[in-house]
Amino acid sequence: MSAPFQEELLRYKQNFERVKLLDATLREGEQTPGVSFTIDQKLEIAKKLDELGVHMIEAGHPAVAPDVMEAVKRIVAMKKEGEIKAEIIAHSRAVKADIDAAAETEADRIAIFYGVSDIHLKSKHRKTREEALSIIAEMVEYAKSYGVKVRFTAEDASRADLEYLEQVVKTARDAGADRVSLADTVGILTPWTAKRFFEHMVKRVPNVEYDIHAHNDLGMAVATAFGAVMGGATAVHVTVNGLGERVGIVPLQVFAVAVKVHFGIDKVNLSKLMEVTRLVERYSGLEVPYNMPVIGDYAFIHKAGVHVAGILADPRTYEAFPPEMIGRSRDYVVDKYTGKKAVKAKLEKLGIKVSDDELLKILDEIKRSRYKILTDENLVSIAEKVTGRALRPKVTEKLEAIVWIKVDSNTFTSSVARKIHMIDGVKEIAEVTGDYDLIVRVEAPDHYMLNTVLDTIRGIKGIESTHTQIVLKKMDK
Ligand SMILES: CC(=O)SCCNC(=O)CCNC(=O)[C@H](O)C(C)(C)COP(=O)(O)OP(=O)(O)OC[C@H]1O[C@@H](n2cnc3c(N)ncnc32)[C@H](O)[C@@H]1OP(=O)(O)O
Ligand SMILES: O=C(O)CCC(=O)C(=O)O
Ligand SMILES: [Mg+2]
C-alpha cells in the first residue's frame, strides 16, 4: 500500500498490533430486527469466533430472556472445558437484578452500561448527572463484589459533555472497572473526532483500557474504529456481517481486512472469514448485500471494459487487495460496458478464436443488446451470428452429466437442492449419504449449455465442492 501520507498512518502500527477484537454478534448482533439465534446456533457461532481468534466474546445480556441466560451459561461452560479460549462477557444494565443474572452465568466479565449524555440522563434515566455518578459507582462495585472483571460502558459517550464524561470514567475506574467502553451509540463520530476523543480521554483519565463501540448510522463505523485505535482505544467491538441495532456496528470482516491491508497485521485467521460470514448469514436469515465491502458477492467482480482490461493486465489496477487474501477469487461480467479485451479473453476461455474484425463486430452487437449480464451461452450465440461460423463443436445428441455436490456444513442441503432444482437443464436431484450430499443429473444440447448449467450450479451459495462426470454411454433395461 502506498497511499499519500501512508507513512504517517504506519506510525500507529503498534496500536493496531495491540488492539483486541471483541465480537458482539451474540449480543449486539441479536439486537438486529428479525434476528434470534437458537442456543445451539449461539454455541456454534461462539466456537467459530474462537477459532477465528477474536479475543473477547460478548455472549449476551442474561436478564433479557431465559434462553439468553442459558446460552451465556453454556458458552461459559465451553470456556471452562477448554473448548473456547476467548474472554466471555455478559452484558447488564446498571441494576442489581441484571448484574445478579450476569454473575449467575459465571462469565469472565460483566459489562455494565449506562447512558451518560444529557439526552439519555434526562429522558431515559430521569436522573441528574450526580445521581448517575453514584449509580455507576455503586453498580460497578456491586459487580466487582462477585469477583469478576468489570467493564463499564458509557452509552452515548460521543454525545456526552466531555468534562462530565471524564468524571464518569474516573468514577467507573475508581470503583473497579479495568475497561471502559466509550460508545458512539448513534454513529456520529468520524475518524478525526474519534482519534481526538480517545486521545483526550486516555490523557485525562489514564489507567483504564478503552473500548470503542461504533455504530454505522452514517457509514463511518470502520473509519471511526480506526480513528479510535489511533487515539488509544485498545479494543474494538465488531459483529459478524456488521449486525446490530438499526444498521449495526463495525463488521468484523471489514475491520480485520482493513487492518491487514494497511498494516500487514492478521488480527484473526483471515482464511476463515468467509466461513463465519456464511454461518451468520444462515443463522441470522440476513444475506450480506452484494456490494458489501470485502464479503459481498460483488467485492471482486469487475465490469467496465477499462477495468477489465486493467485487471487482465494486472489485478492491482482495480483491487485494493487480492481476493485470495480471504480465499476468494475474481471474475468479470460482460454487458454493454464491456471492451474488446474482456470479450476476447472470455471467448478464448471458451476455446474460441476470432479475428480482430470479428471481435469488433461482436462487441458492437453486445453494445446494442439488452442483456444485463451475458452468459457464456449468450456470448457464443452472438459470436456465431456475427461470424456466420458454427463455433460450438457439433454434437449429434444431447449431453448428460452427473454432478456430485458437497454442501458447506453450515448450509441446509435441502435449500441448496431447491435452488438447483430451479435451474433449466437439471433433470433429477437426490439427497444422499456419504462423501457427497447431493447427486444431480443434468442434460444439455451442447457443451456450452452444459457448461452454463454447471457454472450456475457452482455459483450457488453454500456449495463447498462439486465433482462432475460426463455420461459417455448408457444402457437402458
Ligand atoms: C445501546 C444498546 O444497545 S445498550 C443494550 C440494550 N439492551 C437491551 O435493551 C436488551 C433487551 N432489553 C430487554 O429485554 C428489556 O428492555 C429489559 C429486560 C432490559 C428491561 O425490560 P423492562 O423492565 O420491561 O423495561 P423497559 O424495556 O420497558 O424499559 C427500560 C427500563 O430500563 C431502564 N434502563 C435503561 N437503561 C438502563 C441502564 N443502563 N441501567 C439501568 N436502567 C436502565 C429504563 O430507564 C427503563 O426503566 P423504567 O421502566 O424505570 O423507565
Ligand atoms: O456496551 C457497549 O459497549 C455498547 C452498548 C451499546 O450497544 C451502544 O451503546 O450502542
Ligand atoms: Mg450498540
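A Cβ is built for glycine as well, from the same backbone N, Cα and C atoms used for every other residue.
Record note: TrEMBL gives ARG27, HIS91, THR185 as 2-oxoglutarate-binding, and the candidate from ARG126, ARG129, ARG151 in that site is ARG151. When the candidates GLU17, GLU28, GLU400 are compared with the Mg(2+) site entry in TrEMBL, which names HIS213, HIS215, the shared residue is GLU28. Neighbours of the 2-oxoglutarate site: apart from ARG27, HIS91, ARG151, THR185, residues of the same chain with C-beta atoms within 8 angstroms of the site's C-beta centroid are ALA24, GLU28, GLU58, HIS61, ILE89, ALA111, PHE113, THR153, GLU155, SER181, ALA183, HIS213, HIS237. Between the CA atoms of HIS91 (2-oxoglutarate binding site) and HIS213 (Mg(2+) binding site) there is a gap of 14 Å, rounded to the nearest whole number. Of all the recorded positions given, namely ARG27, ARG151, THR185, HIS307, those whose Cα is no farther than the 10 Å limit from the Cα of HIS215 (Mg(2+) binding site) are THR185. Separating the Cα atoms of ARG151 (2-oxoglutarate binding site) and GLU28 (Mg(2+) binding site) is a whole-number distance of 16 Å.
Closeness to ligand 1 is met by THR185, these being the binding-site residues among ARG27, THR185, HIS215 whose Cβ falls under 6 Å from the molecule. The secondary structure of ARG27 (2-oxoglutarate binding site), as reduced to three states from DSSP, is coil rather than helix or strand.
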